[in-house]
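What Swiss-Prot says about this protein:
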{"type": "REGION", "residues": "1-57", "note": "region 'Disordered'"}
{"type": "MOD_RES", "residues": "Ser7", "note": "phosphoserine"}
{"type": "COMPBIAS", "residues": "16-31", "note": "compositional bias 'Pro residues'"}
{"type": "MOD_RES", "residues": "Ser27", "note": "phosphoserine"}
{"type": "REPEAT", "residues": "65-99", "note": "repeat 'TPR 1'"}
{"type": "REGION", "residues": "99-126", "note": "region 'Disordered'"}
{"type": "COMPBIAS", "residues": "106-116", "note": "compositional bias 'Pro residues'"}
{"type": "REPEAT", "residues": "171-204", "note": "repeat 'TPR 2'"}
Amino acid sequence: MQRGALSPVLMLSAAPEPPPRPPPALSPPGSGPGSGSRHGSARPGPTPEPSGSLGAALDSSLRAAVAFKAEGQRCYREKKFREAIGKYHRALLQLKAAQGARPSGLPAPAPGPTSSPGPARLSEEQRRLVESTEVECYDSLTACLLQSELVNYERVREYCLKVLEKQQGNFKATYRAGIAFYHLGDYARALRYLQEARSREPTDTNVLRYIQLTQLKMNRCSLQREDSGAGSQTRDVIG
């Protein structure tokens, strides 16, 4: 196996009947034609893909994901935010395909000792590429969403938390999560994320401004609760 190539650790099992072309170079040792005559009668059902097809599909999905991410970055620089969002979503779909989906049109193998053990496993290099691309896509999606005329703060919160699952020290995701929780009315969580962002960037004026806004909201809510409680007690006394 060539070093640095995007190829799966596990390959498909040997097909019961070899294709008319030579086997791929990355076939595992010992793979070859199965039982049955080359010129015998056709077996019912589709013929399994040759060994290496899953690796080609995986490689193709990863390349497509990186390409879509690059297109999204270009659209963002050109302030085409809706187009950028579409590109990032397509990149994420390709990453999902790379992390377990079988190639399009490939039937599930019949159970038995010769069936494939499952989707191709990612090598360490491939896993790092998937993770970094995924984080960049979600991080960029939040930036695009915050540029929208009507911001979907629930989606911003969701994507920020996905980034923080992989990179707990990501400043932008922490700060944007605080913004999302603030606009969703969850001021306690907003303050927690914003203070965490301030601990990483103590002089960031945007972070400091949102901390002040959040504290004002929390104080106002506290006063409203006190007034509501006092009013309830007054009504009880009068009644």
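Backbone N, Cα and C define each Cβ position, glycine as well.
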Remote residues contacting the repeat 'TPR 2' (171-204) - C-beta distance under 8 A, at least 6 residues beyond either end: 138-139, 142-143, 146, 151, 153-154, 156-157, 160-161, 163-164, 210-211, 213-215, 217-218, 221
Tally of DSSP helical, extended and coil residues in the repeat 'TPR 1' (65-99): 31 helix, 0 strand, 4 coil
The repeat 'TPR 1' (65-99) [mean pLDDT, rounded to integer]: 96
Structural state census, the repeat 'TPR 2' (171-204) (DSSP three-state): 27 helix, 0 strand, 7 coil
